[in-house]
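*Asks:* After the structure tokens below, expect a handful of questions from me.
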Amino acid sequence: MKAVVLGAAGGIGQPLSLLLKANPAVTELALYDIVNAPGVAVDLSHIATPAKVEGYLPPDDGLEKALTGANVIVIPAGIPRKPGINAGIVRDLAKAIATTAPKAFVLVISNPVNSTVPIVVEVFKKKGVFDPKRIFGVTTLDVVRASTFVSEILGDRSLSLSVSVPVVGGHSGVTIVPLLSQSSHPLPSSLDASTIDGLINRIQFGGDEVVKAKDGAGSATLSMAYAGAEFAGKVIRAIKGEKGIIAPTFVNLASDKTGGDALKKELGTELEYFSAPVELGINGVAKINGLGKINSAEKALVQAALPELAINIEKGVAFVEASKL
Ligand SMILES: NC(=O)C1=CN([C@@H]2O[C@H](COP(=O)(O)OP(=O)(O)OC[C@H]3O[C@@H](n4cnc5c(N)ncnc54)[C@H](O)[C@@H]3O)[C@@H](O)[C@H]2O)C=CC1
Ligand SMILES: O=C([O-])CC(=O)C(=O)O
């Protein structure tokens, strides 16, 4: 089981690589960055877990060497909150993956996820290796935040390990739609509307809370690494044959067989992407689940997410269309 981290020396990349090194199911871990990756790799290589760790820089085909034989590729490369720059970084990394590891599972963390996932897909299409079952936008941090904030409202943080709330839509602001009515631990019916609205807003704009607190020193890194490792861990378990693993993730809806068409119908949209609870299997997306029973306020949130999602997706598609590959 070879896992690869592209952008491994960054704020997310380092703790994410640590958590992947700590996962005993990973036998090979390749770290790639434009700086510092060999140092991070040697540091992690002293940890007594099975994974053999190698670090690579761009010279001497470092990227290609990192990608060769990859099963799971996680991409936290890029710059936080600098619109535009990540598009080119993700496009170029996707190009290398399409050539060197076209069958790998690609987990995109780099923002804006609503646009960077379409960028990877469009590159793969142009290179003739696109499979909608293997490309995932990582929205797990929204799910992690929902568990944490709901457990706080329930007055018992120890519940956060078991509270599960599906979060659907996309990964930015109003495109983040928590389905609180489906929380494994229902909110008290006595909760007033403004508390619920505040909770939804906190989940949607949790990223801003971290950016503000870090005061110029970047965005969420440690919680993102935790969330990324959790999602990658689920994908790895699914590849190894475990059944019934379901996680919300931002996927392409092109595949009729996996339920993409049914979800589009349910949403009343032609959009080609949405984050929905996805059942993972040995080939990637086994089934995109529908949203299930949601209340009228949640229906309104889903509808409010669609126009912004459409703009974000189109941006990603147009960027690749205008690119020379
Ligand atoms: N999906 C999500 O929920 C979240 C996504 N993010 C996004 O993750 C990305 C990374 O964030 P941080 O780790 O905080 O940033 P960072 O700046 O600390 O690290 C980014 C790393 O990417 C590397 N990099 C830049 N260009 C590269 C290239 N062409 N190839 C390989 N590596 C390259 C940099 O050298 C750096 O080590 C940002 O786009 C951020 O917005 C952040 C939090 C949550
Ligand atoms: O908000 C940001 O820039 C980083 C991010 O995606 C998050 O924390 O959810």
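Cβ atoms are placed via backbone N, Cα and C, with glycine included.
Bear in mind that the values here come from a model prediction, so they are computed numbers and not experimental data.
OK, TrEMBL features for this one:
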DOMAIN    1-137  domain 'Lactate/malate dehydrogenase N-terminal'
BINDING   GLY7, ALA8, ALA9, GLY10, GLY11, ILE12, GLY13, ASP33, ASN86, ILE109, SER110, ASN111, MET224  NAD(+) binding site
DOMAIN    139-320  domain 'Lactate/malate dehydrogenase C-terminal'
ACT_SITE  HIS171  active site, proton acceptor
*Asks:* Can you give me the Cα-Cα distance between MET224 (NAD(+) binding site) and HIS171 (active site, proton acceptor) in Å, rounded to a whole number?
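*Replies:* Here the two Cα atoms are 12 Å apart.
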*Asks:* Please give the maximum pairwise Cα distance, in Å and rounded to a whole number, for the NAD(+)-binding set GLY7, ALA8, ALA9, GLY10, GLY11, ILE12, GLY13, ASP33, ASN86, ILE109, SER110, ASN111, MET224.
*Replies:* 18
*Asks:* Given the binding-site residues ASN86, SER110, which one has the fewest other C-beta atoms within 10 angstroms of its C-beta?
*Replies:* ASN86
*Asks:* Work through the binding-site residues one by one (GLY7, GLY11) and point out the residue whose CB has the fewest other CB atoms within 10 angstroms.
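*Replies:* Lowest Cβ count within 10 Å among the binding-site residues (GLY7, GLY11) is GLY11.
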*Asks:* Please report the distance from the Cα of GLY11 (NAD(+) binding site) to the Cα of HIS171 (active site, proton acceptor), rounded to the nearest angstrom.
*Replies:* 19
*Asks:* Using C-alpha atoms only, work out the spacing between GLY13 (NAD(+) binding site) and HIS171 (active site, proton acceptor) and round it to an integer in Å.
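*Replies:* Counting only the Cα atoms, the answer is 19 Å.
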*Asks:* Give me the CA-CA distance between ASN86 (NAD(+) binding site) and the residue listed as 'active site, proton acceptor', in Å, as a whole number.
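*Replies:* Distance (Cα to Cα, whole Å): 15 Å.
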*Asks:* Including all protein chains displayed, how many Cβ atoms other than that of GLY13 (NAD(+) binding site) lie within 10 Å of its Cβ?
*Replies:* 27
*Asks:* Tell me the residue counts in helix, strand and coil for the domain 'Lactate/malate dehydrogenase N-terminal' (1-137), as DSSP assigns them.
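*Replies:* The breakdown for the domain 'Lactate/malate dehydrogenase N-terminal' (1-137) reads 54 helix, 26 strand, 57 coil.
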*Asks:* Determine the Cβ neighbour count for MET224 (NAD(+) binding site): the number of other Cβ atoms within 10 Å of its Cβ.
*Replies:* 23
*Asks:* So among GLY7, ALA9, SER110, all listed as binding-site residues, which is physically nearest to HIS171 (active site, proton acceptor)? Use the C-alpha atoms.
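*Replies:* Minimum Cα distance from HIS171 (active site, proton acceptor) across GLY7, ALA9, SER110 lands on SER110.
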